[in-house]
Amino acid sequence: MKILSCLLLCTITVLEGNVMNRHNKRFAGFNVAGIGGTAGCVVVDNKLFANGFFLRELTAEEQREFAQYVEESNKYKEELKVSLEERRKGWQIARQSEKGAKILSTITEKNLPKPPKKPSFCTAADTTQYYFDGCMVQNNKIFVGQSYVRDLTADEAKELKSFDVKMTAYQKYLSSSIQQQMNSLFGDKTNLLNLFTNTHLESTSQASEATTIPTTTQTPVEAPETPSFCVPIY
């Protein structure tokens with residue numbers, strides 16, 4: 001069990017190494033069901049913040065939109081809590097039942113509730129952060145730590161947009177590569193589930209033995225070159 005876990009962690013670490021070594025990453029978020037923090041958009045006394053940075057005061061229309069979002073968000077959290085509890089109980093029953101495979105299939109087919117739509121005043125342009133060596137860019141503004149430096153020029157904004165497109169393609173390639181490595185190590189999703197829940201179902205085992213994992217080749221996607229909006233001194 002410990003060996004398999006280590007193999008999985010090593011696989012992910014190696015495949016993600018290129019991104020980490022280049023010292024750049026992209027982050028975007030709008031927290032609905034989490035425990036809080038400054039990630040994504042935050043509203044305090046009708047003041048809008050994005051990832052900890054103050055943006056502006058909400059308009060009267062945006063305040064009404066925000067009130068509706070809060071109501072829908074609270075409803076979503078309650079529905080999610082109920083749904084997760086149902087799944088937890090289902091997993092317990094599946095582990096003790098001879099029909100565990102069928103029960104697990106029923107659980108996974110039932111969709112979790114969908115979170116409410118984000119308010120119009122909280123967009124990807126507001127919350128997406130680009131971390132480079134020495135600085136961060138958000139909403140076309142350069143920050144060093146928490147200090148605002150300046151706005152990007154028109155040419156720099158175009159360069160950042162091009163970087164975003166290339167980084168998105170690279171992240172998709174990386175994610176696909178990780179999934180292929182996981183499949184080659186553990187087989188299909190059901191087998192991986194059994195490894196970590198100690199659920200050993202005969203029908204699943206027989207099906208996995210008869211399954212051959214196809215090998216696919218992907219055209220490698222290189223990590224994009226980092227924009228030089230700031231230059232750190234080592």
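Quick reminder: no glycine exception, Cβ is built from N, Cα and C everywhere.
Marked as signal peptide by Swiss-Prot on the basis of sequence analysis: 1-17.
Summarising the annotation, Swiss-Prot assigns disulfide bond to Cys135-Cys230. Around Cys230 (disulfide bond), taking its Cβ as the centre, 15 other Cβ atoms fall within 10 Å, counting all chains.
Per Swiss-Prot, region 'Disordered' is recorded for 204-234.
The compositional bias 'Low complexity' feature in Swiss-Prot is assigned to 211-220.
Under DSSP, Cys135 (disulfide bond) is assigned to a strand (E or B) in the three-state scheme. Under a cutoff of 8 A between CB atoms, and with a sequence separation of 6+ in the same chain, the neighbours of Cys135 (disulfide bond) are Ile142, Phe143, Val144, Val149, Phe229, Cys230.
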